[in-house]
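Taken straight from Swiss-Prot:
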- Ala74, Gly76, Asn77, Gly78, Ser80, Gln84, Asp142, Thr147, Ser153, Val157, Ile208, Tyr462, Gln500: FAD binding site (BINDING)
- 41-218: domain 'FAD-binding PCMH-type' (DOMAIN)
- His79: pros-8alpha-FAD histidine (MOD_RES)
Amino acid sequence: MMLAYMDHAAAAAEPDAGAEPAVAAVDAAEFAAAMDFGGLVSARPAAVVRPASSDDVASAIRAAARTAHLTVAARGNGHSVAGQAMARGGLVLDMRALPRRMQLVVAPSGEKFADVPGGALWEEVLHWAVSKHGLAPASWTDYLRLTVGGTLSNGGVSGQSFRYGPQVSNVAQLEVVTGDGECHVCSRSADPDLFFAVLGGLGQFGVITRARIPLSPAPQTVRWTRVVYASFADYAADAEWLVTRPPHEAFDYVEGFAFVRSDDPVNGWPTVPIPDGAHFDASLLPANAGPVLYCLEVALYQRGGGGDGGGDDMDKRVGEMMRQLKYVRGLEFAAGVGYVDFLSRVNRVEDEARRNGSWAAPHPWLNLFISSRDIAAFDRAVLNGMLADGVDGPMLIYPMLKSKWDPATSVALPNGEIFYLVALLRFCRPYPGGGPPVDELVAQNNAIIDACRSNGYDYKIYFPSYHAQSDWSRHFGAKWSRFVDRKARYDPLAILAPGQNIFARTPSSVAAAAAVIV
């Protein structure tokens, strides 16, 4: 085994925990595990565990179970934004330490799958699948330097979600270590309750150590287009029309974002043109354009084998769909790019943020799912009101379909069939001379949430961070009872994912949660 428990953490275990391997102090690793991408929360663990296998993960959880207080959190690439993958005084599993062995699995039916470790980055899965096998998963996140286990524990959304479903709808099998230290292989047909509990389960029911992801032939090139709207009503109507087209009339990817009507390089129209260097002619904007504009972003894939009819056919299909949209004519931008390059497009944002220092600054991000019923009101009150000057980062806003999500998973969604992801991805300017203080930005996020609640919007927080079980009960709504039951079944000691602040490790923790079931 390759466990790296701190001496004092091992000593806290019961006497029979002496069967665990020798331990060593790892101050640097503990410091890293005490922080995350959000930069808003710090919680130092007692130890960092570097598992070499699922057995190591199970051993760490069993060691924690033999104590009265230790908790265990799985940490991927550290991109949580509110301490969700932290374990104050507990054990943090460095899931990136798992061997990066990936395997192509071919079922008797001919279906192909990638069998990958939970600590693998989606970027690693992409390059392995495309370069070695000419295959690819259907559903991605915009940013690929996230772990497989991390996104499957939350949802995993991007512009493909409306058509292919989120990542939690694109997994065939999981290997999971539950809170009792037992390793299970589960799927829709084998131990389905655990399978669906873990998907979107915020790490509460088990640690994903491996996942089996369906594959299909990888596209070769992508027709990537952006168009601009001055009217949110037109933008939303067109976006919703696109995501409800039948497959043979649909794009493969539909996203969009709001931006400020100015030449600000971070918040304004310079963020729109593709390829780099294309000109945004602001004189084409209508005279009645407001302070916030909208960019609809679509992509159509060209696959090999002649099934798409070649580039001319691709251009024809794109043209037919775009002609029906009500964007500002003349403000359209298009590029043909390779499939891997398209999926890796956010890497350039990371590279620039690292250069200017904002990558290391706090990231008070807010992600919401808001029903189509309320999205226009949200636009008026929040995007054109509270955020009319931008957020020093992307303001994503695009629709998805609830029917693409399996209700058996643990993910909490709005009630409406069409709902929007609203992602306010603030990149704080580095000090000195930065933007508003971080606590002001956090307060603004809270004010946005309060506005959603007080106005009665049909919404959910994506990547939620609550501190009271009454809030969690309201968040999960009708799913709360099932969530509590699953916790009692798979992690009765409340050992796992303490940073989510859903259940505390006390003898009565799960029982207390049952008392606030609504």
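One is the number of the first residue shown, and numbering goes on along the chain from there.
Backbone N, Cα and C atoms are what each Cβ position is placed from, and that goes for glycine too.
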Lowest 10 Å Cβ neighbour count of the binding-site residues Asn77, Ser80, Ser153 is held by Asn77
For Ala74, Ile208, Gln500, listed as binding-site residues, tell me which one has the smallest number of other Cβ atoms within 10 Å. Gln500
What's the number of neighbouring CB atoms sitting within 10 A of the CB on Asp142 (FAD binding site)? 17
How many other Cβ atoms are found within 10 Å of the Cβ atom of His79 (pros-8alpha-FAD histidine), counting all protein chains shown? 20
Over all pairs within Ala74, Gly76, Asn77, Gly78, Ser80, Gln84, Asp142, Thr147, Ser153, Val157, Ile208, Tyr462, Gln500, the annotated FAD binders, what is the largest Cα to Cα distance, rounded to whole Å? 23
Rounded to a whole number of Å, the separation of the Cα atoms of Ile208 (FAD binding site) and His79 (pros-8alpha-FAD histidine) comes to 17
